[in-house]
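Copied over from TrEMBL:
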| type | residues | note |
| --- | --- | --- |
| TRANSMEM | 27-46 | transmembrane segment |
| TRANSMEM | 66-85 | transmembrane segment |
| TRANSMEM | 92-115 | transmembrane segment |
| TRANSMEM | 135-160 | transmembrane segment |
| TRANSMEM | 172-190 | transmembrane segment |
| DOMAIN | 285-587 | domain 'Sulfatase N-terminal' |
Amino acid sequence: MKILKNIKDILHKIITKSKNKMRKPSTSIMVCKELLIIAVCIQLALEMMGHRSIIDGLMTPLANPLMFICSVFFLSSCLAFSLFLSKRHFGYICVSTIWLWLGFTNFILLSFRTTPLTATDFKMLSSVFTVVNRYVSTLQMVLIVLFALSIVVSLIFVGIRLPLTKIYLRRSIVTIGMCFLLFTGSYNAAVMGNAVTKNFGNIAEAFLDYGFAYSFSRSVVDKGIQRPKTYSSETVGEVLGLLPIETDCIEDDSTTDDLLSNVNTVSDKVYGDKLATEVEINTIPNIVFVQLESFFDVNRIKALEFNTNPLPNMTKLMANYSSGYVTVPSIGAGTANTEFEILSGMSLDYFGAGEYPYKTILKKSTVESLPYTLTELDYHNHAIHNNMGTFYARNSVYPRLGFDSFSSIEYMQDIEYNPLNWAKDKVLIPEITKALQATQEQDFIFAVSVQPHGKYPAEPIIDDPVIVPSSVTGAPAMISNDLDSSLEEALEDKMDLAVPLTSEEPLEEVTYNKYLYYANQVYETDVFVGDLIQTLEDFPEPIVVVFYGDHMPSLDITDEDLKDGTPFQIEYVIWDNMGLEKTNEDLMAYQMGSNIMERLGYSNGLLNVFHQTMKDTENYEEELQLLQYDMLYGDKNVYGGINPFKKKKMKMGVDPINILDVADKGEAIIVNGQNFTMWSEVFINSEQSDTVFLDSQTLLVPHVSLEPNTTVKVSQITRTGRVLSSCDPWTNEIAEVAEEPVELELISQ
């Protein structure tokens, strides 16, 4: 009986254990549920922040279900790596925190610009830190830092308090494998169903349509130009065979120069009434490109009318000279990408999502460009920017684009600033004229302005504004047709600027204040345009000047807000003093350079010839992608296998900065020289000294005296402490001390 009882007890325990096991979910199923629930919550939070709307974010599963499912499985895969940690739930929290932090950063960033957060932004941090004070107050920055620290401290506290969890290695591997299989399957289904795409035409819309998690991750892995399926030396040769150039370079790199410089003289070109068959150097024009920051015709906004036309000079120029729309690659930001398309003749459509070539390919390689092409025609190439020289790494990128010299704000005199502390654009006029007069050869000058840059203030900060907008409530309005006096003599024909404006609702006060500030800044930029033209009218050499905006301002402008055009289309105009024929056409930014070259009869440079020959053909875009890939990432068949473009030894500034003498005044030293600026800093025996700028010929270093064999040099320093250039050092053999020491009150002068 006792034996039977023991058997009965054993069977009862087995049955009870089996029943309990059947009632309790397996560990794998429980973990999968955890992953999916957390992933869904993260995805919804990311979309609410990305759309800047709770309702729109919650609607994304219905608006694009395949995208939502794909993103959830992707986030689940990220979370699944926590299964290898002894504190699984702490891993969940860390992964969730990283994604939510990225989403919140994107939410904040969209308050300042239209372009969402991409991986490239983290490569731009050095540039971001230089302008962050214009977007975020000191108090806000302190709060952000405290918030970040609180998150880190909270994570450490939670990590310590959470209990350990057992690691089931085999189950973890299976679970991760399942997550990746589900993600791969859902991704392929989403691609086939056009729920997501590998190529982003409009990155702002792509992040809304395809979700933040997918789009941001795409920007991490998607770099450079994907190898075209048809790519080979034969297909590249077929494209080159369509162009009026020598193509021997595919077989023999010794003919590279023939390919790159097929034509080195201007022929059969009409300048006004003059026909030139072999134009000599004194009639070959200087070329000036002026890229205007955040500049467009604000009269295009339906909801606004103005007390007077904010852009009288540009309006008049467009009525009398070649003009149209130029389609730029971004909205609200991305100045460097517009620069890249303009200068290189390459389309950003084929690069990675949100990529800045200035931060990728141009960090290590030269690129065929307008400056290199014009170098073949004996042009001197000079860049100008009234902002910090290291912004967008221009000081290291420009020599890889073929520039011979570069004047950043650190080399400029008499700078005025607007209320947001951006340099006013009128400082570019003396810089452009100085560059034109500094060389014997003809010049290509690429000037980049900065004045109308955001962040646009929500409160009125301009006293006595010249331009006063008013909200339109449906009534038509007349915009003034007065021309700025600087163009009255140059341009005689008047243009009727009557523009009917219609809108259903007036602008909100915050939006109105932003437009109030913006309109007055572009008005001042327009005055700069007029004054520059007035200055160049009497220039003794032929000259062509191209004005265009780099992108729309970050004012959330959509197609519905505009009377004509799209937010990617910005006005351009081509002024000249040679009587070139007026033609109006819309261009892509990467076609602008070849368009100007064609007007001047220049047909050298591979991409220049390609655009001139193939822009109206059926396979134009596919063939352009093929050439771009071959030039940058492929076998360089177009160049005979070797990149022929050598990095230039670029000079900083136009006027040389020199030390003429150093005087020891007892309690200070005086450095006398030439062309000093506010950014000139004195180095004594290679150590930077406190420097007081007195004028362009005098620097003062207080509390220092000269010792024998002291070496002194002057360097141009950015506000972040980067040295851009240094003059030749001055060395004393015997220090001469003045009889009467200088009074240190000089420091306050």
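These residue numbers are counts, starting from 1, taken along the chain as shown.
Yeah, the Cβs are placed from backbone N, Cα and C, and that goes for glycine too.
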Across 66-85, 92-115, 135-160, 172-190, the most C-beta pairs under 8 Å with the transmembrane segment (27-46) come from 66-85
Out of 66-85, 92-115, 172-190, which stretch has the largest tally of CB pairs under 8 angstroms to the transmembrane segment (135-160)?
92-115
Can you give me the average pLDDT across the domain 'Sulfatase N-terminal' (285-587), rounded to a whole number?
87
